Amino acid sequence: MSQAASPGGGGRPRRHLLSRRRGAPVAGDGRAGQPEKEGAAVEPQAEIVRLPLGRPRRRRPWTLAANLFRLTVLGAVRSWRRNARLVGPALGTMALLLVFGGALGVSGVVGQVVLSYESRQASVLHVYIRDDASQDDVDALRHALTANRYVRGVSYVDKEAALVRAKQRPGLAELAAAAESNPFPASLEVQVDAPENVGKVAALAGPNSAADPTRPTSYNRDTYSRLRRFILIGSGIAAGFGLLVALITYAVSANSLRAVVLSRREELVTMEMLGASSWLLRGRLMTEGALTGGLAGILAALVLGAGVAAGAAADRHLFVQLLPGVTGLVAVVAGAAIAVAGATIGGAGSLFALRRLPS
């Protein structure tokens, strides 16, 4: 009988894949030439097929991620395109609210710039020098102020420079023009680290012999108290209004997305009956909501950026006066923040649109 080497490479003989039936003649058998007896029963033998056994296939780690991406992200994109007619109203509503929120954010930047400027101005203390003060007294006062831990810098402003500054301020220009002589005294301009420390520096400079005895400094306790109160109240109102707008945007967007999800109730039930798990359905809903919110955020960012660019191109000087601190970089950052906020609100609104998936 012919023999063949095994697949493993050894010399051990093995049977052919299709083995002979019992009773069939074999090459080399002495009875090969003899006829079979009539009526002899031949027992049938099933064919034995031996296949080589291989190693079981291992699942690669990226296979699960690819399948998850295909089922959630790609499936959500196809479903979103298929239901674009239903998503349209929710997208428009979110875009309008995000435009309003972006405008509020830009207004917040302007308010922050204005408050920062006023705070810097409030941190500047003018120590008025009397007309008959000697240079040694002025230098001694300047050194004493510079050595104070609350003082960042001290500069001398003579009477001519004080007159030039006064002419640049509304109301003081008419006073300077009506006066026959220069009514503005020389002063030491002191930069204090914080507005609340201006009073301490003023108390140090007031009794000095070089300071004007009638009005030694520009410090006014009531003015600084009112400014601090205004900053605190204004910041609180702006923060509360921004939080209210964010809550309204989320509530309206979530209701719009909930209406979209409820209109697809039968589709979700069918997917669940076909074996889709709850996490898969929620993942697809979250992806579709994030896609809707992100697109609404991009549209809102484009509208806001176009408005800022048009205002800057129309009248640059007036634009800088009305919106100080609003630059191209601020507009880009605001647009990116709007897009991210839209995607976040859309994803969260779709994820919690249904507290319980339809069964």
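Cβ atoms are placed via backbone N, Cα and C, with glycine included.
Annotation comment: TrEMBL describes 12-23 as compositional bias 'Basic residues'.
Positions annotated as domain 'FtsX extracellular' by TrEMBL: 126-203.
Here TrEMBL flags 241-356 as domain 'ABC3 transporter permease C-terminal'.
Look at TrEMBL and you will find 1-43 tagged as region 'Disordered'.
Among the features that TrEMBL reports, transmembrane segment is placed at 92-115 (among others).
If you look at the transmembrane segment (230-252), the same-chain residues 6 or more away from its ends with a CB under 8 A from one of its CBs are 93-94, 97-98, 100-101, 104-105, 108, 111, 115, 118-119, 345, 348-349. According to TrEMBL, the transmembrane segment annotation covers 230-252 (among others).
Here the transmembrane segment (290-314) has Cβ contacts under 8 Å with residues 76-77, 80, 87, 90-92, 94-96, 98-99, 101-103, 106, 253, 257, 323, 326, 331-332, 334-336, 338-347, 349-350 of the same chain, all six or more residues outside its ends. What TrEMBL lists as transmembrane segment is 290-314 (among others).
Sequence-distant neighbours of the transmembrane segment (326-354) (same chain, 6+ residues past either end, Cβ-Cβ under 8 Å): 94, 98, 101-102, 105-106, 109-110, 249-250, 253-254, 256-258, 260-262, 282, 285-298, 300-302, 304-305, 308-309, 319. Residues or ranges marked as transmembrane segment by TrEMBL: 326-354 (among others).
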Within the predicted model, mean pLDDT of the domain 'ABC3 transporter permease C-terminal' (241-356): 82
